[in-house]
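For reference, Swiss-Prot has these:
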BINDING   Lys118, Arg121, His150, Arg169  isopentenyl diphosphate binding site
BINDING   Asp157, Asp163  Mg(2+) 2 binding site
BINDING   Asp157, Asp163  Mg(2+) 1 binding site
BINDING   Arg168, Lys254, Thr255, Gln292, Lys309, Lys319  dimethylallyl diphosphate binding site
Amino acid sequence: MRSMNLVDLWAQQACLVFNQTLSYKSFNGFMKIPLKNSKINPKLNKKRPFSPLTVSAIATTKEDERIEAAQTEEPFNFKIYVTEKAISVNKALDEAIIVKEPHVIHEAMRYSLLAGGKRVRPMLCLAACELVGGNQENAMAAACAVEMIHTMSLIHDDLPCMDNDDLRRGKPTNHKIYGEDVAVLAGDSLLAFAFEHIVNSTAGVTPSRIVGAVAELAKSIGTEGLVAGQVADIKCTGNASVSLETLEFIHVHKTAALLESSVVLGAILGGGTNVEVEKLRRFARCIGLLFQVVDDILDVTKSSEELGKTAGKDLVVDKTTYPKLLGLEKAKEFAAELNREAKQQLEGFDSRKAAPLIALADYIAYRDN
């Protein structure tokens, strides 16, 4: 596989956008420090009003302290964040599905699940959980589940009866290694196990929130989510009169729904309020559509070697894409608009905790594969 390490590549690209760091503002509280071994004249200990000059001096001092603290605080490092999260997610995925009887189906599941990939969905899930006050353990099972379902969708999407692709993540597709029959079953098994894994392996979360997360995930991949988008996409292939509204329906459901669910699951399992969950839902819907717009752009501007999958396939099968409807430059402008709108939804959250989601949105916008 070409991926020099996809995580390193991803981080390097993101760091070019951010100059490797993101800064935040921080606010320090005031501490009262008692004077030890000091004798105070009672007459001088009487409360007296502050003069305007004294108040101004104190305010200036505290402002200087805040500025100094902000300058000395360690900035967010996206490369470190991505590397650490990817290691954690890959370890959890490896441990979740082990090879047992029947060997061939578990090997096929692991082949595609552990074949690399950017792990965007798991990272979004974990980042959203931590943003609302949860910890990684609360959402790790869900993060693995969304990656299992994403992998299922790729296995099925690559089948001869669908997109008929031979290359995925720089390697032969699942059906090229294990045959169409086993590939279908491997995808089915990943889908079923994803829900089992959330229920059995989620730690430190109330049952009601786990049930809510399961319902959210199920909805995102059924006839109100991924399946709806996939069916609409199939019906529109080869149709020269597909409208922009129809194209948006396809991608909001086919691509954005699972990305949206990844973020919402993290927010639910992290203990987020209804208001926080809905703000993050809007954020995720924007970056989900952004992901597809960028995908369409890359399909016509990059090679198969650069993408790790077959390039130019959309043009060959006459599939409607954003560059086809809008033109390449307008598609790029639309991507930038979606990125801006996504970030607006994060206003009001703690800036330090929101930094990973801001960085992930920028990665999606500026990625090269």
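Cβ atoms here come from the backbone N, Cα and C positions, even for glycine.
With respect to their backbone Cα atoms, Thr255 (dimethylallyl diphosphate binding site) and His150 (isopentenyl diphosphate binding site) stand 10 Å from each other. Arg168 (dimethylallyl diphosphate binding site) carries a strand DSSP state (E or B). The separation of Asp163 (Mg(2+) 2 binding site) from Arg169 (isopentenyl diphosphate binding site), Cα to Cα, is 15 Å. Cα of Lys319 (dimethylallyl diphosphate binding site) to Cα of Asp157 (Mg(2+) 2 binding site): a span of 14 Å. Minimal Cβ crowding within 10 Å, among the binding-site residues Asp157, Asp163, is found at Asp157. Of the chain residues outside the isopentenyl diphosphate site list Lys118, Arg121, His150, Arg169, Gly117, Arg119, Val120, Glu147, Thr151, Leu154 have their Cβ within 8 Å of the site's Cβ mean position. Residue environment of Lys319 (dimethylallyl diphosphate binding site) contains 21 other Cβ atoms, counted within 10 Å of its Cβ in all protein chains. The Cβ of Arg121 (isopentenyl diphosphate binding site) lies under 8 Å from the Cβ of Ala143, Val146, Glu147, His150, Leu258, Leu259, Ser262, each on the same chain and at least six residues away in sequence.
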